[in-house]
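Chemist: Structure in structure tokens, see below.
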């Protein structure tokens, strides 16, 4: 059944069938191929997956993100980051990195981050004399920092398939997220110094910068509040997601006073459409996961690896390579939902903590978002910058090297995630 399902899924993907539908059809064909199982099992698995209580967190986190990024708040955050980094060599480039960290605590989506930030910052960076390809590469890679900063949609999905606490995953992502941001800022500085890009004179006084920081503080506090509420057990992930929406509405209505009824409706529709896409993938992955479990494929793989490969280091490296390969053609939600049930038993076999595995998977699949030839944020950023894909790829390698270094560190240094 598993082999038939994989063949059908690959064929449907080559025909450009949407991932969610491809997963459901592949699982259905596999069940029919068995000959003894009713097709209603697929429908039952799809329905059961939608009854998960933690699943309610997804639409609310997405709505909170669209509410906060759609108005004055987004402009304030961008203005703060640009003025704060302007004095640095490569400051306009570093602004993208810092903005990704700040926006990551609000949006929770790397693709949305790449589009929202790139459309504003890339034209501004080009006006400051930075080449379009470098601007695109910087935006494509920096957007992925988003998936490490709470609230992270990929981490919520991994918790669904692994049983790991969402709070533990959110906390574990903070240090790797900061390290990735710092390494990308270093790349921006190094490239600027090596190529002779001058720092930009700042027109902002310290008093004005402090004023901008105070205006943006309520938004920056959101990820901090999420961590505190989850870490100390004050609320469940779903309750925190609802509170995030209430917090976002309060800021937009009472603090920034820029929320209109039309924008609210547009934001609700936008969040609903994004949630629908993810939910379809989740439902399809539930059916595929049932077929894999019925065939005992994850356990058989874990047993085979344990019997034939004695070194945990080799196993972890193989897992990383497979995740990188899968992350190139597949978006993060389906990749996590497909690989999670396979790798969790394998991680348990070699004593790899599930939280550490979750961070490995998120970073790996995040790198896949900008890895040629099929990288979502790479294509988005190149399109915004009007840069040929080949030129953007050449500028990508210093950022890629830093991300791979962090990936290896997270894979083999548990203290980076288990603190």
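Placed from the backbone N, Cα and C atoms, the Cβ positions cover glycine too.
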Chemist: Transmembrane segment per Swiss-Prot sits at which of 53-73, 74-94?
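Modeler: Spelled out, Swiss-Prot records transmembrane segment over residues 53-73, not the other listed ranges.
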Chemist: Which range out of 26-46, 170-190, 210-230, 274-294 gives the transmembrane segment (396-416) the most CB pairs under 8 Å?
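Modeler: It is 170-190 that shares the most Cβ pairs under 8 Å with the transmembrane segment (396-416).
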Chemist: Against which stretches of its own chain does the transmembrane segment (360-380) lie, if we need a Cβ under 8 Å and a gap of at least six residues from its ends?
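Modeler: Here the qualifying positions are 110-111, 114-115, 118, 136, 139-141, 143-144, 147-148, 152, 154-155, 158, 173, 176, 180, 316, 319-320, 323-324, 326-332, 335-336, 339-340, 343, 389, 392-393, 396, 400, 403-404, 406-407, 410-411.
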Chemist: Can you name the far-off residues of the same chain, 6+ from the ends of the transmembrane segment (309-329), with a Cβ under 8 Å from a Cβ of it?
Modeler: 13, 335, 338-339, 343, 346-347, 350-352, 360-361, 364-369, 371, 373-375, 407-408, 411-412
